[in-house]
Amino acid sequence: MNIIHQVNEAKVTSNKPLPALLSASLLTCIREERILFDRLSFDINPGDIVQIEGPNGAGKTSLIRILAGLSRPYSGHVSYCGETILACREEFNADLLYLGHLPGVKSELSAAENVDFNLTLSGYQDFDTQAALAHMSLAGFEDALAGHLSAGQHRKTALARLLHTQCKIWILDEPFTAIDKKGVEQLERLFLAHVDNGGCVILTTHQDMSLIKAEQLRTLTLDYRSL
């Protein structure tokens, strides 16, 4: 998707394209003397849903950690709105929501306390925790200790923050793990609403999606070869 920014001032129009929301430039990743991907380049624009796929060990998690700035590539760089993420770390982090394959839920806190903790840690003040949990089908579990919740409820507790975040870039590692079909559809609707508002979603998953159609989804396949 090419986003064109037009400035009308004194009857002058500029058709200069905006930089991509997130760009990978010639990324190479080597783990344990094995090349996972080599010279990988792509742009992710507002409105994009990108699924990273490939066999186990192909480098999916390594790639999304590099995109999130949590790992360094062997070579190449990642840019946010035209600047390398190393040069604009604060701005990039403020616009990024990353959820790893582990839900990151604290077992000694309740479901509501976990949502409050994560959103407050991200700088948010005005949010409706109960509404977020209800949207994730966790109404009635607000006060339940996370340590007593199922794996699917853990994942939903972690994902509840998506309801209130203002970050444009969502990077999610296996967000559908342990979630039933209804829960997957709830998340798909959330993804579609997010990209309709100018955000982007980057995810890994082994599950099929029923609401996000093929024409709405970009796929990036890692297969151990130079890309």
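A Cβ is built for glycine as well, from the same backbone N, Cα and C atoms used for every other residue.
What Swiss-Prot says about this protein:
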BINDING   GLY54, PRO55, ASN56, GLY57, ALA58, GLY59, LYS60, THR61  ATP binding site
DOMAIN    21-227  domain 'ABC transporter'
PLDDT averaged over every residue in the domain 'ABC transporter' (21-227): 92
Non-site residues, in chain order, whose CB comes within 8 A of the mean position of the CB atoms of GLY54, PRO55, ASN56, GLY57, ALA58, GLY59, LYS60, THR61 at ATP: LEU36, SER62, LEU222
Most Cβ neighbours inside 10 Å, all chains, among the binding-site residues PRO55, GLY57, GLY59: GLY59
CB contacts for THR61 (ATP binding site) [other CB atoms within 10 A, all chains]: 18
In three-state DSSP terms, the structure that ASN56 (ATP binding site) belongs to: coil
Neighbour count (Cβ, 10 Å) for ALA58 (ATP binding site): 17
Binding-site residues: GLY54, ASN56, LYS60 - member with fewest neighbouring CB atoms within 10 Å: ASN56
